[in-house]
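Novice: Starting off with a structure, shown below.
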Amino acid sequence: MITESYNPQVIEAEAQRYWDDHRAFAVREEPGREKYYCLCMFPYPSGRLHMGHVRNYTIGDVITRYQRMLGKNVLQPMGWDAFGLPAENAAMAGGVAPAQWTYDNIAYMKKQLQSLGFALDWDRELATCQPDYYRWNQWLFLRMLEQGVVYLKTGVVNWDPVDQTVLANEQVIDGRGWRTGALVEKREIPMYYMAITRYAEELLTELDKLPGWPEQVKLMQKNWIGKSYGVRIGFPYRLSSSPSGKEAGDEGESGILWVFTTRADTLLGATYVAVAAEHPLALHAAQSNPELAAFIEECRRGGVTEAELATQEKKGMPTGLTVTHPLTDESLPLWVANYVLMGYGEGAVMAVPAHDERDFAFAHQFGLPIKPVIHTSAGAETPEPWRDAYAEHGVCINSGKYDGLVFDEAVDAIASDLNVFDLGEKKVTWRLRDWGISRQRYWGTPIPIIHCAACGAVPVPEEQLPVVLPEHLVPDGSGNPLNKYPEFLNCACPQCGQPARRETDTMDTFVDSSWYFFRYGTPGADAMVDARADYWMPVDQYIGGIEHAILHLLYSRFWTKVMRDLGLTRVSEPFANLLTQGMVLNHIFFRKGEKGGITYYPPADVEMSRDDQGRVTKVTAVADGQPVEYGGIGTMSKSRKNGVDPQTLIEQYGADTARLFMMFAAPPEQALEWSDTGVAGAYRFLRRLWVYAAEQQEAIRAAGVVDAVVLDESLRTARREIHEALRQALFDFGRHQFNTVVSGGMKMLNALARIDGNGAVANTVRREGMSLLLRLLSPIVPHITHTLWRELGYGADVLSAAWPKPEETALARSLVSLVVQVNGKLRGQIDVPVDADRTAIEQAAQDEPNVQRFVEGRPVRKIVIVPGKLVNLVC
Ligand code: ANZ
Ligand code: ZN
């Protein structure tokens, strides 16, 4: 019995209980049966789900249920990216151990996920902070160490001198420690690196084998890997032997400064040469120049990321040294510049201000010469005054024997001329760096190394894995608590048995997320992976935020290739198809305080009026009725207080409404604007569906199968409308355009509701239409469709019903509409059978009442028929 009122809380709990009891989403490997692996990026257990999660996991669930109804063996797992800094911060703030905090959050968020009715195989749940997961991080680390894919090298870290601790990049704010405010120092310490650069070429070329990835993501990966074809050019120099100055006849020490350039064709336009602050030549010059030494120190304190370097103000200082131009023997000044990176190319550039943006800005600032050597859109002459660098390729000018050559020719000619003096060679340079994985943090996977005074750094033997992280420690901000915990720290050297000390660095948490998708395929395995993973991998559809477009996906691709080379998997690429869902946005409201501070107002705490164009005209705070400023639409965020808590939404309207709204409001890749009226609209549609089913339940239950032959015209039309909407919706399902799937479902319900007549024949159309509609909508709103499917007597479980299919006979149009004109003017419309003959059409046209009025008894002299379109009566 379907009650009159739609009560989502009751039916959703019931449907979820049914799925639990029937273990509906637990799957097994079934060799020979087509599999589908649908995966959403696993969440960090921050405490509560946010709308971005709900959107992400709803998209994944809709695809999962859709593929399952297509008959595939579908795996959709879930787990927790459970290590990381926020747990340590929460621990410091609340005095609770990160492990406790993390497990509590997992428990709460798991309940939230379950209340949304996702078709998840919870038997495969994992949390990366569990020893039986991270032991395999350690195990693979050791295999990579054996292969030389992991190696030790010194790296630079941020050191807080007050707290005596290493800070993560995000803990450094304007060059100061986030807690102490102390100026952060750079320190060099030994760290473990993974040689991702060994796979650079493959990581680049295999992007072309991923047609199911968004072009934008592939481009971002490509730029990150950054393969550049260029020339390494040598600029000879001579240093004076006494740092104090050049005495007569002092020949000094000679050498060659190497630079890397992608624009060897501009070599004749080089007007100075610049090196990074850490470059040996800069350090040499600083020995006799305290001002330069201070400048170098200042550069070292600054940001290290590329983004920081690209945006920061250009700073520089001359070294007083010069180098020799390898083709002209001209002497060029050598500068130290903060825009030159030590870690890229040669840590030095030949500067061509006329044709390079950064060199131009620098030259402009320090009054260095600018010399054009390429015919560009600026023309052959120096445009005065210089406003900009002209970076386009073009023909060489002002370049002596190279004049007239185009880019490729010039690069070849210059490279081979330089080659004669051993001052140039073609070279490929990569932007990609090896991946430093050591973190001086507690809450992460312990690096399985033991330090022995006699034997050095000794790998933990395999049988001693996992190195278990003690879970009860509470960091207090003064460094890694493992360093003060003897039970962890002290151990015996595996090689000589003498007392030794455990490594206390842990792994970057990107390690944890680099292979979790393999582990879902092999829950409980006593190996990193077993044969079961071969059945499931690769992931058929991966879904997550664009913020992971580069690092997470690149590291996962890298680990997969390493695992392949170790014989652990057959796949080379982990994710066949990738969907990056759009952000969830909401209005932003704020007031500016007297001192310039900004107070944000949650959308629920303001009243907003709009004009008839939908523009916001007036906003006031509910609390005091006073105006509040409107900040437009932006990503939901805690700091701007414009988030909406999914929990309230689920409690008020139910999971199906939340899911339906998410799917209806925008296609998955696009940004979704939050809208309370949209949510209410989604709810109203579900209630209409429910009420329709309640009203028609007896009729539908009792009805038989549609017999197309006995349908009258209006039933045939209703049925055709239903099948036409279904056909379009199925097409949209296939291309993951769920918003129009939902509108298709709405059209189907409208067509059903328009059927009048209570006869047995009409009921057969209702029964068929409702069956199609419930199956179509079941991936999106699984609870209501589950209940109605059962209550209307279609079967026990809509999940195991066949995916709906439109019927050709229902789609065939039996009538066509023709417009009728009298003397070329539109006067009426007629519906005639598609196969009607000329006489029948003429008769129908003349019988149309409005047409009769305009003919007014005049004799019709001629009738023109355009088949399928119109009839024109001439009189
Ligand atoms: C001269 C020149 C002239 C350049 C010109 C560009 C335009 P991609 O394409 O990203 O590989 N460069 C080289 N090493 C650098 C470093 N360590 N730090 C900062 N910049 C560096 O970039 C290659 C270009 O980046 C090189 O080509 C060099 O500037 C600069 F009209 O050399 B070029
Ligand atoms: Zn030893």
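Cβ from N, Cα, C; glycine included.
According to TrEMBL, the protein carries these features:
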DOMAIN    39-172  domain 'Methionyl/Leucyl tRNA synthetase'
MOTIF     43-53  motif ''HIGH' region'
DOMAIN    222-418  domain 'Leucyl-tRNA synthetase editing'
DOMAIN    432-586  domain 'Aminoacyl-tRNA synthetase class Ia'
MOTIF     635-639  motif ''KMSKS' region'
DOMAIN    636-674  domain 'Aminoacyl-tRNA synthetase class Ia'
BINDING   Lys638  ATP binding site
DOMAIN    718-837  domain 'Methionyl/Valyl/Leucyl/Isoleucyl-tRNA synthetase anticodon-binding'
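Provide an account of the burial state, proximal residues and distances for the features listed.
Specialist: Shown for the domain 'Methionyl/Leucyl tRNA synthetase' (39-172): DSSP residue counts in helix, strand and coil, namely 70 helix, 24 strand, 40 coil.
Model confidence over the motif ''HIGH' region' (43-53) is summarised by a mean pLDDT of 95.
Taken residue by residue, the motif ''KMSKS' region' (635-639) breaks down under DSSP into 0 helix, 1 strand, 4 coil.
Listed in sequence order, the residues of the same chain lying 6 or more apart from Lys638 (ATP binding site) and placing their CB within less than 8 Å of its CB: none are present.
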Novice: Near the motif ''KMSKS' region' (635-639), which same-chain residues lie under 8 Å Cβ to Cβ, leaving out any that are not at least 6 residues past its ends?
Specialist: 50-52, 583-586, 600, 674
Novice: May I have the DSSP-based helix, strand and coil counts for the residues of the domain 'Methionyl/Valyl/Leucyl/Isoleucyl-tRNA synthetase anticodon-binding' (718-837)?
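Specialist: Per-class counts: 69 helix, 17 strand, 34 coil.
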Novice: Using a Cβ cut-off of under 8 Å, list the residues of the same chain at least 6 residues beyond the motif ''HIGH' region' (43-53) that approach it.
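Specialist: Residues 80-82, 84, 86, 102, 105-106, 108-109, 112-113, 127, 545, 583-584, 636, 643-647, 674 contact the motif ''HIGH' region' (43-53) from elsewhere in the chain.
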